[in-house]
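Visitor: This is the structure I want to talk about, given as structure tokens.
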Amino acid sequence: MGGLMKKNTLILGIESSCDETAASVVKNGCEIVSSVVASQIESHKRFGGVVPEIASRHHVEQITLVIEEALKQANVTMDDLDGVAVTEGPGLVGALLIGVNAAKTLAFMHNLPLVGVHHIAGHIYANRFETEFQFPLLSLVVSGGHTELVLMKADNEFEIIGETRDDAAGEAYDKVARTLGLAYPGGVQIDKLAKDGEDTFHFPRAMMDDGSFDFSFSGLKSSFINTLHNLRQRGEEPNPNDMAASFQASVVDVLVSKTIRAAKQHGVKQLLLAGGVAANQGLRERLIQEVKLELPDTELIIPPLSLCGDNAAMIAAAGTVSFLQGKRSNYDMNANPGLLLEDI
């Protein structure tokens, strides 16, 4: 099938790790030919979070339609493709299985190479649509389930030099938003309120100066919930804008200061922002500001909002790198909810 002989490499990406069903056709790992995302936010809203059974059911309903639509928008057939890339893990096992089984079936039926992709590798490679990577580079990955600093010295070589010891930042955002009675997904709502508020509560900045690159957000979450509870006990209703701004200031301070310190220590050429929380305006603005001041020679890459949340273009981009390195998954590949980034 000589995919590598052709000038262009066309990969179909499939993503179903949580509550988005997505498919995308990507050319040469850096050009989006089509990208289709079916979101389930409305279905999970009334539960205040993702319900795994509902997510799986939605994936079953959407997967075929989404793949067909991605091929149609790209104006290609399965025979034009060089391979199929799919999120293998981590994520919700029932959700992952839908995408993995669809990818395995398509690859098998059309005799195409299959490439399993780590979900976080996908988030990092979403930045590949912005510019070429120059190593060494550092990624700040911030999402609902992950908060990590990932050092890369070459394509597909990941070293986690810092990670959360408890809650991920996105998780803390959602829990705090719920306490304030905000709609799901909470991170977006907190970010909006924070714009019009002040950091009047000065919540703790955990592990800010401990010398490590690790994070902790459970103390901040508890402090926020206790402060709100105590104020309400006294019959006071705090300004939600100030509460949101104070919470966000604490998270952003820690994320940005540790990221800048790690980037300096490792002398990176590029600094990448990745993951769902990369859409947060407060975080984006602060990172741009600090990099200008502290790391004038480092290129900061921030993905467009459309590529921050879960999508399949990023999976196809990461999959293309593995594909061109000759990596292949067997047709008996299984969903792996505990897949580690450093093991791929």
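Cβ atoms are placed via backbone N, Cα and C, with glycine included.
Small disclaimer: the values here were computed from a predicted structure and weren't measured.
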Visitor: Taking N28, N75, N280, N311 as the options, which does Swiss-Prot list with V141, V142, S143, G144, G145, D174, G187, D191 at the substrate site?
Guide: N280
Visitor: Select one of D310, D332, D343: the residue that Swiss-Prot places in the Fe cation site alongside H119, H123.
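Guide: The one candidate that Swiss-Prot places in that Fe cation site: D310.
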Visitor: Tell me, how many other CB atoms lie within 10 A of the CB of G187 (substrate binding site), whichever protein chain they belong to?
Guide: 26
Visitor: I want to check the contact list for S143 (substrate binding site): same chain, sequence separation of six or more, C-beta distance under 8 angstroms. What comes out?
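Guide: Within the chain, S143 (substrate binding site) has Cβ neighbours under 8 Å at I120, H123, A168, A169, G170, G275, G276, V277.
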Visitor: Determine, to the nearest whole angstrom, how far the Cα atom of H119 (Fe cation binding site) is from the Cα atom of G145 (substrate binding site).
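Guide: H119 (Fe cation binding site) to G145 (substrate binding site), Cα-Cα distance: 11 Å.
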